[in-house]
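Per TrEMBL, the features are as follows:
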REPEAT    90-124  repeat 'PPR'
REPEAT    152-186  repeat 'PPR'
REPEAT    253-283  repeat 'PPR'
REPEAT    284-318  repeat 'PPR'
REPEAT    346-380  repeat 'PPR'
REPEAT    478-508  repeat 'PPR'
REPEAT    509-543  repeat 'PPR'
REPEAT    609-643  repeat 'PPR'
DOMAIN    823-911  domain 'DYW'
Amino acid sequence: MTPRLFSISRTSSTQSVQFLGHTSPESYLFRCNKRIRDLSKLGKVDDARQVFDKMSQRDSVSWDTMISGYSRNNRIMDAQVLFDAFSGRNVRTWTAMLAGYAKVGRLEEARRVFDSMPEKNVITWNALITGYVQNGDLVYAKKLFDDMPQRNIASWNTMITGYCHGGMMREARELFEQMPENNPVSWMVMLSGYVEINSFVEAWNVFGRMHRTGLMPDQPMYVVALSAVIGLEALDLVDSLRSIVIKTGYEEDVVIGTVILNAYTRSGRLDMAVDFFSRMPQRNEYSWTTMITAFSQCGRLDDAIAFYKRIPEPTIFSQTAMMTAYTQNGRIMDAEALFKEIQNPNIITWNAMIAGYSQNGMIDEAKDVFMRMPTRNSASWAAMISGLAQNERCEDALHMFTGFHSLGNFPTDSCFTSCIYASASLGAIETGRQMHALAIKRCCQHNPFVANALISMYSKCKNIEDVSQVFSTMGVKDITAWNSLITGLSHNDMLKKARDTFEKMPEHDVVSWTAIVSAYVQAGDVDAALHLFGEMLARQLRPNELTITSILSACGSAGAMKLGEQIHGFLSKLGFDSCLFVNNSLITMYFKFGSEGGFSIFEDMAVRDLVTWNAVLAGCAHNGLGKEAIRYFRRMEAEGVLPDQISFLGILCACSRAGLLAEGRAYLDSMCKDYGIKPLVYHYTCVVDLLGRAGQLSEAEALVESMPVERDSVILEALLGACRIHCNIELAERVAKRLFHMDTIKSGTYVLLSNMYASHSRWDKVEEIRELMKARGMSKEPATSWIHIKNKLYTFTADKGHDSVEQIQTLLEEYYGRLKLTGYVPKTEFVLHDVEEEQKHNQLLYHSEKLALAFGILNTPDRSSILILKNLRICGDCHTFMKFMSNVTQRKIVIRDRKRFHHFEDGACSGNSLTSGGDRGVLWEFSRLAFVKHINICEANNGCIWSLIKTIFPELAVGFEYPRAQSSLTLMMARPKNLLRDPYLRVGNGKSRECARASYPCK
């Protein structure tokens, strides 16, 4: 509500009344104007207005100062009313109004004021340029800069600042070099710009160049330079910088000391940090909170608590830091208790509590805190909207955004970003377009966060034309925008365009390299991914955690065990040997090699999370280690780690593949009764597969009919696979009839049914299936096998097109003769064509895995292990053949087909029997759900988080839509939420749900 223009408030503070009671006419105006200015700077604009109204006389400075106060505090309408009432407007008055409109993002009104001004000065031009810079429209800002009749050093610094904030360091550098002179602000802006985009080497070079000019760094410069050193993780540079600090007399500066302390903590050297802290001549609240935060982020909550208790007089800042430490480590009750102890929590504390609840999946509690806040700022709304979006309450997030906007508030860039991602998650493209339109209206579309969110949204919704349009119309195409475009193209199967875009980028950062490497990993082009990774290292770019997890996934997918081991050995030099996410990826990689190295990594880990346990359970399942999976599951329970849906999926798959029928039934029952977790179709699929493998086809069919969740094609395929194992054509035809009416059916279902008919010589039915596939535009996926030898991947298909085909054929024919003498009989029923018996023998000889095995024998030392990858399931004849070959050649032969690992050694396979084929896609689907549910992705992934997710169950990752981050400015590590507080694990408040059947719970 706008106060009356000249009213004298009856509620004037005593302080203001006393102030106005002076009787010195010569200083009256000066002191009143200063008082208005000081109160406005403190945000007490209403008190300032009381002073203004009470003044017996005013000059133009009084009016200008009050209008500026309103503008500075975003009270633009109040400023406009006062502006309209002032008849003596001058250039300062006009400039104050222009700056006010620009500050709140209303650039059209700002430009209108600018065009209406009777005269302009350099400050006016700078104010308008600043408005466009702050709203991300650097193209128009540069045009204004070029049109300026004259410039001062602030004009140059404003444009350079805009380029730096937009990540356009090349343009910033060019402008910096063109400046008539550089002042400390210019150097500071360039230094900060390089730090902001993680170009720490360039930042350090700028600092060195500045130091050589003789300019003495001040406190802020030291702070930013130390940030560069933190990014470089170069402790020797910390010591060098400390010596400069001492020479310039800042050794006792508590702010610089705190940043040095932060440098030690950020580099993981907590021992040095503790020692430095103990030697600090003086400490402030930030020194203490730095130590608390460092211990918290390293999982050393007890140490954080100990430091907190040592604080002589805890302040609101240290209390908030400790409260955040509790929430980060899942100690919500302790955080709540501390929050209640704080007598007058400020708005930062309230916002931290909202974020803490949101990060732990307790979104209803977060909303309750939000509703109880005495006052809210835009950060409060942004935290709540972001929390709702992160916890899959996307509709609520959009509804809250609408409420926020309807109150007349201006949505922040963060609000727009969260809601655009929420629209993408819902697939609500029209809502996203509305957000886009509103962002344009508020001049936010050029903001890097918003623009990159739009690119991600349109990419996910397959609107590549809109992706290109958003990118092409961006005023500033910073490096993050290029990265988002690469990711969008790659996830829409446009790998060539993604690579072309990568090559066109003006500069690359680690995110760019990670994005393109991940794109090739996702596309299955492992060779290209590994080549790009090598090129990245050759350019002396340090990979981040996501690059490493992506390349480890590539090694695992390619079966490149030697290369994977080499990269593993390289990780300690990069400082990733204790990284939780990298270690989780290593576990998965070694299990993908069929190696027990995954267990060793697990045992050596100092810190584990639920993903770690789930990776081990999945590895056991894929390698047929059912009893080991049960042992690890029990150990997980004993250590107090609550299993989730993926944990149970892993243990059920392990039971299925090991034929542990009783245990599988018990774990399905335990999900609901002991943990309140409702089994989904993927869990039931594992049990159907287990029953089918055990020959319990009637019970398996009954479970499919009675389960309380909707059937999908995967569970029916499991039942169909069981029918093939036990030759039950009658049931198979019933199941196939249902499958043929589903839209999600794949060619593998037709092939499986065709194979059943072929094994019973019902060639007329085989022909019917082939004609049906042809009519529906389907074709059988060709069988392909791969083997990795001397860092090169070799591909084999069931033909004679390989360069070494003659040697391979000679070797196979030789071994065929030797195997027959030891009892091997080719299983010609696995030849799915109506041909003569001799032709069947010949066709079996050229199965792709046999060709790969022969090539491996020819090119590896005697008795060395051989790892073969295959895209389809191994057939029964090849399974038997590999058993005999492992005995005759005295080699361990490991084959990873699309279902699991087969370890052949001394004439036996580690698995029980061939898998029935139904759980394809099950593990992958749950890895997707888990990461969407349990990962708090911050600041931006550009889709690269795909590489992290894919490391768990990569061969099952068909058709995945990657989750989006909340913004795209920089790639940050994804932090797992506290799973013990996940509301999904508290279904029914931990109580058992009513069960439909005693053996299969949870209706």
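FYI, residue positions are counted from 1 along the chain as it appears here.
For all residues, glycine too, the Cβ spot is worked out from N, Cα and C.
TrEMBL: automatically predicted annotations, no manual curation.
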Most Cβ pairs under 8 Å with the repeat 'PPR' (152-186), selected from 90-124, 284-318, 478-508, 509-543, 609-643: 478-508
PLDDT averaged over the residues of the repeat 'PPR' (509-543): 85
DSSP helix/strand/coil residue counts for the repeat 'PPR' (346-380): 26 helix, 0 strand, 9 coil
Within the repeat 'PPR' (152-186), residues counted as helix, strand or coil by DSSP: 26 helix, 0 strand, 9 coil
Tertiary contacts of the repeat 'PPR' (284-318), as residues 6+ beyond its ends and Cβ separation under 8 Å: 254-255, 257-258, 261-262, 265-266, 268, 270, 273-274, 277, 324-326, 328-329, 331, 342, 344-346, 348-349, 607
Number of helical, extended and coil residues in the repeat 'PPR' (478-508), per DSSP: 22 helix, 0 strand, 9 coil
